[in-house]
Amino acid sequence: MTPVLRLINRTGLVTQICIGLLAGIALALFAPAVARDLAFLGKVFVTALKAVAPVLVFILVMASIANHRHGQETHIRPILWLYLLGTFAAAVVAVAASMLFPSSLVLSTSEASLSAPGGIGEVLQNLLLSAVDNPINALLNANFIGILTWAIGLGVALRHASDTTRGVVEDLSNGVTLIVRVVIRFAPLGIFGLVSATLAQSGLDALLGYLHLLAVLIGCMLFVALVMNPLIVFWKIRRNPYPLVLMCLRESGITAFFTRSSAANIPVNLALSQKLGLHEDTYSVSIPLGATINMAGAAITITVLTLAAVHTLGIPVDLPTAVLLSVVAAICACGASGVAGGSLLLIPLACSLFGIPSEIAMQVVAVGFIIGVLQDSAETALNSSTDVLFTAAACQAMEQRSA
């Protein structure tokens with residue numbers, strides 16, 4: 001083995017990612033033309049993650065359920081409640097921050113030609129339709145609700161299959177997991193390409209006009225990540241939550257920040273869950289499920305941008321309406337489903353609570369896309385790191401009870 005390969009093997013993945021991050025920033029500042037040419041490194045990495053994630057989830061969930069023995073305990077229900085509690089708590093934090101530090105928008109006159117859902121019923125209907133999607137179509141389009149539905153269905157059916165069949169499914173799961181490990185090893189190069197290209201192409205000039213709005217958004221996400229989530233985890237495990245919280249932010253949040261897709265970060269979260277020694281039958285289901293419904297960052301984005309529009313238009317907001325907005329934002333956030341920028345398209349739905357017409361609401365969406373370089377990255381980092389955090393908290397709480 002060459003000295004370079006030995007050094008790479010000795011250096012931790014997080015350290016390598018940090019080196020790639022700093023190198024990407026330096027290249028974008030000093031040689032932006034070269035940085036733009038290296039954008040393909042980031043594209044290849046994100047594409048590889050997105051390609052492997054649907055197959056990984058399908059095979060892993062199916063294998064987990066097919067090989068599940070009667071009497072083995074899983075902790076999906078408490079994790080599901082943690083996901084819902086965390087998303088609602090994030091929406092409440094966003095409402096409080098927007099009331100304390102109201103933001104004003106300079107709404108653009110250009111109309112965004114985007115298709116946004118018409119109501120909560122439509123969001124729930126879309127989720128139901130996603131669940132009964134054709135399995136091949138679900139895999140092709142990374143429809144994780146449909147993938148989960150078919151994986152669970154096939155897994156339950158294969159529980160009655162022969163040991164040989166279940167062994168083949170388990171071997172497939174191990175094979176796909178090995179491929180994922182190889183892809184994740186290229187994360188430092190991918191992060192290097194993503195950071196250098198993003199800074200070289202967009203720069204930070206476009207964000208300067210929205211500093212207050214960004215401060216409220218990022219502030220809410222940091223508060224949820226460093227205060228609210230640790231409180232929820234402490235309530236579950238009854239000990240210092242910060243070692244676990246910081247590990248999840250460092251090993252899951254950093255990668256998610258740059259891939260900007262909860263779906264693409266599923267392999268990273270599964271690898272971290274394995275590293276933490278969590279219950280495999282639990283995390284193989286809860287992590288892909290979290291990428292679909294655990295959307296604390298999306299709830300914050302929907303709430304803050306909606307209340308910014310409300311404040312700009314001078315519409316009064318009473319407490320019951322604010323509480324209703326928190327509930328609506330939490331429900332709508334579940335429809336964001338790991339799509340980069342997906343939460344922005346749900347803003348018109350929340351704006352409709354205040355009678356804001358679609359034309360103005362879509363201008364707010366346009367503002368969201370302008371600040372999306374930071375907003376979407378921070379949102380995904382919070383969403384994805386919380387998936388593994390709550391899974392770990394629930395698993396550790398159950399282990400303490402059974403000890």
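Just so you know, glycine gets a Cβ as well, placed from its N, Cα and C.
Taken from Swiss-Prot, the feature transmembrane segment covers 14-34 (among others).
The transmembrane segment feature in Swiss-Prot is assigned to 45-65 (among others); the stated evidence is sequence analysis.
The transmembrane segment annotation in Swiss-Prot covers 79-99 (among others). Here the transmembrane segment (79-99) has Cβ contacts under 8 Å with residues 216, 219-220, 223-224, 228-229, 232, 236, 282, 286, 289-290, 293-297, 299-300, 302-304, 307-308, 311, 317, 322-323, 325-327, 329-330, 333-334, 382, 386-387, 390-391, 393-394 of the same chain, all six or more residues outside its ends.
Long-range Cβ contacts of the transmembrane segment (138-158) within its own chain (Cβ-Cβ under 8 Å, at least 6 residues beyond either end) map to 50, 53-55, 57-66, 68, 127, 130-132, 165-166, 169, 263, 285, 288-289, 291-292, 337-338. Taken from Swiss-Prot, the feature transmembrane segment applies to 138-158 (among others).
Look at Swiss-Prot and you will find 175-195 (among others) tagged as transmembrane segment.
The transmembrane segment annotation in Swiss-Prot covers 214-234 (among others).
Among the features that Swiss-Prot reports, transmembrane segment is placed at 295-315 (among others).
Residues or ranges marked as transmembrane segment in Swiss-Prot: 327-347 (among others).
The transmembrane segment annotation in Swiss-Prot covers 353-373 (among others) and rests on sequence analysis.
In this chain, the transmembrane segment (175-195) lies in contact with the transmembrane segment (45-65); the count of Cβ pairs under 8 Å, excluding pairs fewer than 6 apart in sequence, is at least 3.
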